[in-house]
Amino acid sequence: MELPRLENVDLSGKRVFLRVDFNVPVENGKVTDKTRIEKTLPTIELLIKKGARIIIASHLGRPKGQVNPEFSLAPVVETFQSLVKSKVYFSKTVIGEDAIKLSKELKNGEILVIENVRFHKEEEENDPGFSKKLSALADIYVNDAFGAAHRAHSSTEGIARLLPAYAGLLMHKEILELSALLHKPARPFVAIIGGSKVSTKIKVLTNLFDKVNHLLIGGGMAYTFLKSRAIPIGNSLVEKEFEVQAFQLIEKAGVAGIDLQLPVDHIIGDQFNEKAKTKSVDKMGILDGWMGMDIGSKTVSNYEKIIKNAGTIFWNGPMGVFEMDKFASGTMAIAKAVAKSKAKTVVGGGDSIAAINKAGVADKITHISTGGGASLEFMEGRKLPGVEALKKKTSE
């Protein structure tokens, strides 16, 4: 996939509108995970080196088109400032005369971060007038926000049609790594798909079907698959409306020669909290009044053997309720197995990344995708509006 590149563009003295994904967790006014900020630093450093005057835009959370101090980028700017050597300014407005004035006062290599673009409802509406007001801040547009590329918003899609537009280094890397998974994976290709709901993963499972050799299922979504096979699941999470599709996927895997694996044992709890009583049960099923909270040791062992021999691994979604320590062992074991593998490894989704960090093995993963919903949609084979807007620039 060809996207317009920054490397050979003269940016000296030019105002560059850089859309990033600084949608990071903030607690008590402090950023608790800097991963997404750190991932876009190579693009920012390249722009500084080229003498650009950088205007950074991002969203944070869901303020529903209204100014809400809880979702201000101010604490994010504080963290960002500590990671770059350049002078960083913060605009409390997104558009208008004050923001334009600040953008024009920037010197080469300096940075202006504007306030949360979602403080304006027009942002998510991809309003042409709002896109035009954003474009008034800059001469050139760069999109490095792969995590927001699946949204057709003003700052990800609308503005790209009004200014010379380029992809940032992170955007390029994400597209390159995920495209390689879909088109030329080293074999065997193992996909590990977890998380709580089948409904959010059914499309990616379907798209991966003709590409993977092994499909390892875990997390709450596994219980819809097990229920579809009439295996007792007690009070475990189940999406009844997806039972038929889950059963059809199991059947389809058998016909296609894909090794689709489901948990054969479970760590169960009698309630959904840290105070829950726990026990281990095998494939005979889960008792009424109990719910599956993690994969068991036999399942871990089965999955580890497949992971060990993989050529390529894609992991999205935890194996259990890993936020609770007593139900974290399955996810932690899979994280360590993936890290130990000699395969090319790609991990996507907030919970999987949190698990990799919790296990202390992030540095052993080939590529950690910042995408979340965007990487899932890409793996579903869908077109991402933020990427398509850049592609159109290359064909114009």
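Even glycines carry a Cβ here, placed using N, Cα and C.
Copied over from Swiss-Prot, here are the features:
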- D21, F22, N23, R36, H59, L60, G61, R62, R118, R151: substrate binding site (BINDING)
- K201, G292, E323, G349, G350, D351, S352: ATP binding site (BINDING)
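Nearest in space to H59 (substrate binding site), taking C-alpha to C-alpha distance over the binding-site residues K201, G292, E323, S352, is S352. Sequence-distant contacts (6 or more apart, same chain, Cβ under 8 Å) of S352 (ATP binding site) comprise G194, W315, N316, G317, P318. Between the listed binding-site residues, namely G61, G350, the fewest other CB atoms within 10 angstroms of a CB are found at G61.
When the alpha carbons of N23 (substrate binding site) and G350 (ATP binding site) are compared, the span between them is 11 angstrom. Cβ neighbours of K201 (ATP binding site) (same chain, under 8 Å, six or more residues apart in sequence): I193, G195, M221, N316, G317, L376. Neighbour density at the Cβ, taken as the number of other Cβ atoms within 10 Å, is lowest among the binding-site residues G292, G349 for G349.
Checked against G349 (ATP binding site), the binding-site residues D21, G61, R118 differ in C-alpha distance, with D21 being the nearest. Nearest neighbour of E323 (ATP binding site) by Cα distance, taken over the binding-site residues D21, G61, R118: G61.
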